[in-house]
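Engineer: Handing you a structure now.
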Amino acid sequence: MNVVQGNIESKNAKVAIVVSRFNSFVVDSLLNGAVDTLKRFGQVADENITVVKVPGAVELPLAARRVAACGKFDGIIALGAVIRGGTPHFDFVAGECNKGLAQVALEFDIPVSFGVLTTDTIEQAIERSGTKAGNKGGEAALGLLEMVNVLQALEEQL
């Protein structure tokens with residue numbers, strides 16, 4: 001039986017991190033967690049990490065698509081924070097962001113790691129950006145590193 005799986009270390013990986021500026025007090029912590037994880041666990045060099053900042057979560061898929069289309073990156077991490085308010089706006093933003101990022105991954109055959117928080121409260125977002133519930137930016141980076149290696153292993157074995 002052949003089992004294909006990836007590891008975390010990926011020294012030569014070129015990674016783009018597409019980041020929403022909206023709710024920056026949360027998203028900046030996600031970005032720090034992602035970059036720290038890429039460097040410490042993935043051994044990714046500074047020069048192989050590119051950060052692209054966009055206004056909000058709705059803009060993440062378009063920026064990710066442009067990054068994927070250039071063909072210079074092995075993977076993309078999308079980071080943002082969508083916090084529920086008193087209107088249905090949350091559902092539209094969160095859903096379209098998720099759907100758009102998944103479409104980019106499938107269209108361009110590139111891993112796109114979803115590090116966009118979708119929470120009911122500001123407190124939940126803060127907990128998930130480096131306090132009680134860990135750092136979801138770091139978790140998104142770990143997932144991306146593994147998928148970069150899984151796809152490389154598949155290419156070699158299939």
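Backbone N, Cα and C define each Cβ position, glycine as well.
What Swiss-Prot records for this protein is below:
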type	residues	note
BINDING	F22, A57, V58, E59, A81, V82, I83, F114	5-amino-6-(D-ribitylamino)uracil binding site
BINDING	G86, T87, R128	(2S)-2-hydroxy-3-oxobutyl phosphate binding site
ACT_SITE	H89	active site, proton donor
Engineer: Express the distance between the Cα positions of A57 (5-amino-6-(D-ribitylamino)uracil binding site) and the residue listed as 'active site, proton donor' as a whole number of Å.
Structural biologist: 12
Engineer: To the nearest whole angstrom, what is the C-alpha distance linking the residue listed as 'active site, proton donor' and V82 (5-amino-6-(D-ribitylamino)uracil binding site)?
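Structural biologist: Distance between the two Cα atoms comes out at 10 Å.
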Engineer: Roughly how many Å lie between the Cα atoms of F22 (5-amino-6-(D-ribitylamino)uracil binding site) and R128 ((2S)-2-hydroxy-3-oxobutyl phosphate binding site), rounded to a whole value?
Structural biologist: 16
Engineer: Restricting to the same chain and to sequence separations of six or more, state which residues have a Cβ under 8 Å from that of V82 (5-amino-6-(D-ribitylamino)uracil binding site).
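Structural biologist: For V82 (5-amino-6-(D-ribitylamino)uracil binding site), the qualifying residues are N23, A57, F90, V93, A94, C97, V116, L117, T118, T119.
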Engineer: Just to be sure I understand the packing, how many Cβ atoms besides its own are within 10 Å of the Cβ of F22 (5-amino-6-(D-ribitylamino)uracil binding site)?
Structural biologist: 18
Engineer: If you count other C-beta atoms within 10 angstroms, which of the binding-site residues A57, I83 is the most crowded?
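Structural biologist: When each Cβ's neighbours within 10 Å are tallied, A57 tops the list.
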Engineer: Taking DSSP three-state, what's V82 (5-amino-6-(D-ribitylamino)uracil binding site) in: helix, strand or coil?
Structural biologist: strand
